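Features as listed in TrEMBL:
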REGION    97-127  region 'Disordered'
COMPBIAS  107-116  compositional bias 'Low complexity'
TRANSMEM  145-162  transmembrane segment
TRANSMEM  182-199  transmembrane segment
TRANSMEM  232-253  transmembrane segment
TRANSMEM  273-293  transmembrane segment
TRANSMEM  314-333  transmembrane segment
DOMAIN    370-452  domain 'CAAX prenyl protease 2/Lysostaphin resistance protein A-like'
TRANSMEM  387-409  transmembrane segment
TRANSMEM  415-433  transmembrane segment
Amino acid sequence: MVATFIVLPTPKFSSLSSISSTSSWVTSADFSSFNRKLQPNQDHVCTCRSSLNRVSSSVLHAASSASKSFSSASLLWRKRHNQSSNVVVSATSDVISSPFPEDESENNSVSKSVESQESENNESRPKWAPKWFPQWLIDVKKQPWMQLALILPLYVLHLLVFSKQSFPLPKQLILHEKMTRLGMDSIVGFLVTVATLVWRKSMKLYPVVPNLLEADNNNPPWSVPRDQRRKVVPTTVVLIIAYIFSGYGALVWEQLLLFSSVYGVPLTIPTLRAWKVLLGHLMWVYMGLKILDQRLHPFFPPKGKWLRLKFKENWGWWALGGYYVSALLFNIADLVNQLVLPPSVFNDETVVSKLINPENRDLVAMAIGSIGPCITAPVFEEVLYRGFLLPALIFYLPISAGLPISSVLFAAHHLNPGGMIPLTVLGLAWAMLYTKSRNLLVTIVIHAMWNSRVFLGSLLGL
């Protein structure tokens with residue numbers, strides 16, 4: 001500001017009276033003109049002061065915007081260095097705090113947007129994925145068909161290469177005459193197991209070796225209301241009756257097929273058998289699903305809580321790894337099976353073996369016979385044993401007991417004494433995979449690949 005000083009001339013006075021009269025003149029006349037001269041300067045000062053206020057307000061708003069920009073850049077830098085969201089949010093509140101009340105809502109919106117970006121980043125980047133793991137392999141969970149396309153080549157590799165190759169064991173390691181060679185599929189399954197443990201160790205996923213007979217954090221993939229417990233036993237009885245009835249239904253279909261062959265429908269013995277088994281199986285599947293849906297309604301997701309099945313999740317890695325490890329476990333169980341059971345048990349030819357190897361290599365019969373085991377049976381059996389029976393047993397038993405019991409019942413349902421031990425091991429492995437992956441689609445895909453492996457092996461002569 002500019003200060004204005006006005007110097008007035010000093011008059012000479014001869015007496016006090018003159019001083020008095022002169023003082024009144026100066027006060028009344030001269031100061032009135034002085035005020036008139038000073039008034040424009042005061043207006044100019046007020047104008048300058050208002051301009052300075054506007055400039056000061058603009059500067060303060062610019063400083064606030066710069067503070068918010070700096071805070072956003074700081075938060076993005078912290079996010080790229082994988083710092084936790086709690087630290088980022090606390091840093092945000094310290095940096096972008098503003099003395100202006102009107103800016104607090106804007107600051108809160110900036111904090112919320114950065115926090116939402118952080119949460120989205122955490123969701124898209126799970127704990128098991130290291131920094132070098134390609135992001136597109138994580139985002140593939142949104143495309144179920146892409147996951148299937150990724151695991152199919154590795155499934156074919158296992159089928160055509162790993163399951164065909166074996167290596168002779170040194171004499172020092174041969175404990176029995178049936179233990180002379182080591183299959184490559186067993187070696188690969190062992191390597192997958194070791195790699196999984198090393199991965200969990202490097203990513204600090206503790207415990208490194210989880211308790212496979214317990215659900216993570218005591219949170220199984222089902223949450224069945226307690227009032228459904230009274231329906232378990234009646235539903236089980238109705239399912240058993242339906243299973244027996246489907247067996248008689250298969251005989252009815254057989255008679256109808258024989259009757260149709262009289263009128264010229266071309267049916268060979270393998271084809272007739274394949275149609276009979278398939279139609280009886282489809283009757284059992286339809287009745288079983290209908291019983292579960294009506295007696296335990298709502299049974300199926302999304303409203304039902306008996307099972308959990310999600311397509312847009314990372315089920316592909318679980319399915320592929322579970323399939324590789326299942327081959328290792330099956331080979332071990334099959335070896336124990338051969339050492340424990342007498343050879344006469346394995347000489348009995350079952351219906352499934354006739355479907356796999358039909359007379360005269362009837363390809364039509366093999367194609368018809370493969371529909372049930374490779375497509376409908378994996379879905380229905382997983383729903384029945386892992387979706388219904390396992391949660392039903394947990395009403396009465398701890399999960400550590402329910403898992404093996406459901407696996408024994410799964411093996412017994414196949415009516416194959418020679419495969420009781422291997423099927424029990426597979427059922428237990430798949431039940432544990434379901435509780436850990438929390439997605440029934442994992443075991444459905446493994447089950448389908450496993451059964452398809454048997455038919456494709458017979459078709460390709462593996």
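Heads up, the Cβ atoms here are built off N, Cα and C, so glycines get one too.
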Query raised in the report: Does the transmembrane segment (145-162) come near the transmembrane segment (314-333), with 3+ Cβ pairs under 8 Å (pairs 6 or more apart)?
Result: yes
Query raised in the report: Short question: which residues 6 or more past the ends of the transmembrane segment (387-409) have a Cβ under 8 Å from it?
Result: 213-215, 220, 222, 224, 229, 232, 235-236, 292, 296, 299, 306-307, 424-428, 431-432, 434-435, 440
**Report entry** Three-state composition of the domain 'CAAX prenyl protease 2/Lysostaphin resistance protein A-like' (370-452), taking helix and strand from DSSP
**Finding:** 73 helix, 0 strand, 10 coil
Query raised in the report: Taking a Cβ cut-off under 8 Å, which residues six or more beyond the ends of the transmembrane segment (182-199) line up next to it in the same chain?
Result: 128, 158, 161-169, 205, 208-209, 321, 324-329, 331-332
Query raised in the report: Can you name the far-off residues of the same chain, 6+ from the ends of the transmembrane segment (273-293), with a Cβ under 8 Å from a Cβ of it?
Result: 235, 238-239, 242-243, 245-247, 249-250, 253-254, 257, 267, 299-300, 306, 351, 354-355, 358, 365-366, 368-369, 371-372, 376-377, 380, 383-384, 388
